[in-house]
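S.K.: This is the structure I want to talk about, given as structure tokens.
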Amino acid sequence: MDAALVSELRARYGIEFNNLALLDEAFTHSSYVNEHRELGLRDNERLEFLGDAVMEITVSEYLYKKYPDWPEGKLTRLRAAIVCTKSFSSFSKEAHFDRYIRLGKGEEKNGARARATLLEDLFEAFNGALFLDQGRDAVVDFVSQVIFPKIEAGEFSDQTDYKTNLQEFLQQDGEIEIDYQLLAEVGPSHDRQFEVDVLVGDRVLGSGVGRNKKAAEQAAAKKALEQLKA
């Protein structure tokens, strides 16, 4: 475990992990595990999975309580602007998480330490680890320092959520089921591209490509809106 990380978390956020193995896991990339199999390490992908869900509900609850008069669509748009690659990667860098992630030599050489999708995953993994170690109150306390002040300052109000815009456009005259289908994952692990179609029934409305599924879905929704409004 990096003593500097432990010290910085304590000094900046008042966080002290009970189970340092969880913190260690959160900052261990799969490329590092693959290059050090003899150590029997675990990468942060499972914690990322958990942290993604924890962040979704934490931000959702905050917005629901803070804006009691807002309609669902407006809440969804703001949440999508917060719970996304651009924002999470920014939070990761502000917290200096990029300094402590353990990477394999190949990923380090390819500039992964500055890659937005990796930093997003790292932020989610950290919150997943914090949730397991101390519960959701600890996550809320951390997010109250890192994210909530930015919401109150209006930093996310100008970001566009194309998925919600597409949903509202298509559902003007009633409920319509919209489906996003992953077509392919192409490229090496350090430069993976996801291809997604957005459909209503069997009709493909648009296709998109992105560095993760969320970004690809947004790109597909944007393309669908452009074609529907043409």
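Just so you know, glycine gets a Cβ as well, placed from its N, Cα and C.
Pasting the relevant annotations from Swiss-Prot:
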DOMAIN    6-135  domain 'RNase III'
BINDING   Glu48, Asp121, Glu124  Mg(2+) binding site
ACT_SITE  Asp52  active site
ACT_SITE  Glu124  active site
DOMAIN    161-230  domain 'DRBM'
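So that I understand the layout, could you describe where these features sit and how close they are to other parts?
M.R.: Asp121 (Mg(2+) binding site) counts 27 other C-beta atoms within 10 Å of its own C-beta, drawing on all protein chains shown. Under the three-state DSSP scheme, Asp121 (Mg(2+) binding site) falls in the helix class.
DSSP assigns Asp52 (active site) to a helical segment in the three-state reduction.
Around the Cβ of Glu124 (Mg(2+) binding site), the same chain contributes Leu47, Glu48, Gly51, Asp52, Met55, Phe88, each under 8 angstroms and 6 or more positions distant in sequence.
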S.K.: 10 Å Cβ neighbour count around Asp52 (active site)?
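M.R.: There are 19 such Cβ atoms around Asp52 (active site).
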S.K.: Tally every other Cβ atom lying within 10 Å of the Cβ atom of Glu48 (Mg(2+) binding site).
M.R.: 20
